[in-house]
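Below is one structure, written out as structure tokens, with a few remarks after it.
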Amino acid sequence: MPKGRQKVPHLDAHLGLPICLWLELAIFFLVPQVMGLSEAGGLDILGTGGLSWAVHLDSLEGERKEESLTQQADAVAQAAGLVNAGRIGELQGHYLFVQPTGHRQAMEVEAMRQQAEAVLARHEAVRWHSEQTLLKRAKRSIHFNDPKYPQQWHLNNRRSPGRDINVTGVWERNVTGRGVTVVVVDDGVEHTVQDIAPNYSPEGSYDLNSNDPDPMPHPDEENGNHHGTRCAGEIAAVPNNSFCAVGVAYGSRIAGIRVLDGPLTDSMEAVAFNKHYQINDIYSCSWGPDDDGKTVDGPHQLGKAALQHGVMAGRQGFGSIFVVASGNGGQHNDNCNYDGYANSIYTVTIGAVDEEGRMPFYAEECASMLAVTFSGGDKMLRSIVTTDWDLQKGTGCTEGHTGTSAAAPLAAGMIALMLQVRPCLTWRDVQHIIVFTAIQYEDHHADWLTNEAGFSHSHQHGFGLLNAWRLVNAAKIWTSVPYLASYVSPMLKENKAVPRSPHSLEVLWNVSRTDLEMSGLKTLEHVAVTVSITHPRRGSLELKLFCPSGMMSLIGAPRSMDSDPNGFNAWTFSTVRCWGERARGVYRLVIRDVGDEPLQMGILQQWQLTLYGSMWSPVDIKDRQSLLESAMSGKYLHDGFTLPCPPGLKIPEEDGYTITPNTLKTLVLVGCFSVFWTIYYMLEVCLSQRNKASTHGCRKGCCPWAPRRQNSKDAGTALESMPLCSSKDLDGVDSEHGDCTTASSFLAPELDCPPHQPPDLLQGKSGQIC
């Protein structure tokens, strides 16, 4: 045996191990108890089991020192047969009395409880006491019985945590879109599906194709009129009904405007954008011009006016929120800046990424894209699970919704969550919050650039991925941005040739401080460029805009399928890549021809620059960024914290009317009848005047002119002094009448009394027949 180590007498190996274990257990229980009796730290251990009472000693705050209160607490606890475990947190005069340790029978424990209650109830130093019981608390989490909810990876991605819209934490705080109405402008909404029916808003719905209030989709040969119903389910599908799936804003109301299932006119589009705009808060539009890589189109005159009117007067003056899809023409090399809905300053343009955060094959790029959210990708990746129609081949649920058509409704639902916590967000507030909170992420296809204001943007993903948690927390403390300021340059006549690559045409325009003084514009939001260019092949043109900071925007990307020979006629491109930068400085428009064919050179005829922004300074933007980041912990996201909202404007609902073919036919018939009646009336008046010019008389008979008429003329007698017409009554007695009425006076009362004929024409005539 090694020196220094001796065997303890009578301690065999088979007894040593149990004894050591008993010693360790004794130390484990006794040491915390001793520590707990001397300080409040023991509260955590002794207060979790056995009998315990919270006791408030009768002493006013600040009147007695903590030492004396502790001594008094020890004495009261001892009198009750308990042990003072220390002060409860930071509550002065509040102590926890616990049952002394030791195993006791049930009857003994009950006797101790009664004794303690009796002592504490009658002790003069005890103001209040309460026996502590175990409270049932659970970590807040969301559980739905909807069978397809586990497959809704875009809401809660369990396979790849973090690759979702981060909405469950918002739901746990009871933010579900309550009080907000989202309308899906599409091919109809089957509102009788059980996932939609409880949240359906008939007040915000309409069918512009059939001109009735019910937007129910109509079956078609291609079984394709389920698009609007799927979008509606993404937004507001009802949870916990044991059917299909859950919507992003499942507490919101959902409406439908059926407009895409038939011929569409500019007037119908205008009506759709403003239909029930005091009821509907958000307009979700998953449609646009053809995504064929060769179309340049957008809202026409009435549609543009309706968008502008919506953001000015909709939602009691806070502005309707228009969410549009960026388009699915990626496989055709299309670009969403050729889509007038996607590059409008009045819309929120949303693109798509797949489950892995990559840009799908169908997604379009553009400088006007605001943000992206999740959708389906290729066949190996999961698509969006949502409600479906149950007409024709539909089952009421689908796992195959995809495209930017699926991304835009998710964004609309997240905006509904924002409006619940801050109903007075303006349409520009929503855009700003998206810019401030979108998350940049790595994608080898993305060309991320950080602008002068610190915002990162890519043509593929806008300012980044929408995050519901960040959006809602930012909305909770958001105060409105200043009024919209704008600057429009004069129409700049150029008439310069566009050279072929690698050469380029560069034109400049300097925006000075004086130019911006009247509007107060300091920092940018949207920048628009309107160009007129002739070119034999429009798709060969490439247009880039450089802001004063040097931030480049590819506003007009080349398109291989666009062979239109007419060029651009006053087409407006836009960019948001200069958001937050200073407005003053030199703007450069660079145009080049990247085509390979030896065609005639294009001509830049004219262009115009339009700046949109506010009087915010760069410092104001930095301060707002810091404020929002401080709110991302969720500390403001509770009902107790609410910023005051200004009252909205009282704007009456103005029902629009669509010119349907039957209505147009009716108007044509009424118009033709009106023209016929007008011609008849004019002929009647002309004939009446001609008859009066040849005849003059009175209603009751002959009207011989008195001989003194000539004398009156010679004497200069006034017109009103001329004698009245005379006629003979039934007795043959001459009488004068002051009422000269003709048969035509009923049609032309202003011609009742024709002018008197000259006396020389009356010579030789004894009278005229009426």
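Heads up, the Cβ atoms here are built off N, Cα and C, so glycines get one too.
What Swiss-Prot lists as signal peptide is 1-36, and the listing cites similarity to another entry.
The topological domain 'Extracellular' annotation in Swiss-Prot covers 141-666.
Per Swiss-Prot, the feature domain 'Peptidase S8' maps to 152-472; the stated evidence is sequence analysis.
Look at ASN166 (N-linked glycosylation site): DSSP puts it in coil. Positions annotated as N-linked glycosylation site by Swiss-Prot: ASN166 (among others).
Sequence annotations record features per position, and here Swiss-Prot assigns N-linked glycosylation site to ASN174 (among others).
In the region 'Disordered' (195-228), the DSSP tally of helix, strand and coil residues is 8 helix, 4 strand, 22 coil. Marked as region 'Disordered' by Swiss-Prot: 195-228.
If you look up Swiss-Prot, you'll see 215-225 marked as compositional bias 'Basic and acidic residues'. Residues 187-192, 205-207, 255-258, 261, 389, 391-394 of the same chain lie 6+ residues outside the compositional bias 'Basic and acidic residues' (215-225) yet bring a C-beta within less than 8 angstroms of a C-beta in it.
The N-linked glycosylation site annotation in Swiss-Prot covers ASN240 (among others). The 10 Å shell around the Cβ of ASN240 (N-linked glycosylation site) contains 12 further Cβ atoms across the protein chains shown.
The annotation domain 'P/Homo B' is assigned in Swiss-Prot to 480-617. On the 0 to 100 pLDDT scale, the domain 'P/Homo B' (480-617) averages 96 in this prediction.
Marked as N-linked glycosylation site by Swiss-Prot on the basis of sequence analysis: ASN510 (among others). Here ASN510 (N-linked glycosylation site) comes close to GLY585, VAL586, TYR587: these same-chain residues lie at least six apart in sequence, with C-beta atoms under 8 angstroms from its C-beta.
As annotated by Swiss-Prot, transmembrane segment applies to 667-687.
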- So, by DSSP, how many helix, strand and coil residues make up the domain 'P/Homo B' (480-617)? 8 helix, 73 strand, 57 coil
- Query: Roughly how many Å separate the Cα of ASN166 (N-linked glycosylation site) from that of ASN240 (N-linked glycosylation site), to the nearest whole number?
  - Reply: 20
- When neighbour density is defined as the number of other C-beta atoms within 10 angstroms of a residue's C-beta, which of the glycosylation sites ASN166, ASN174 has the lowest density? ASN174
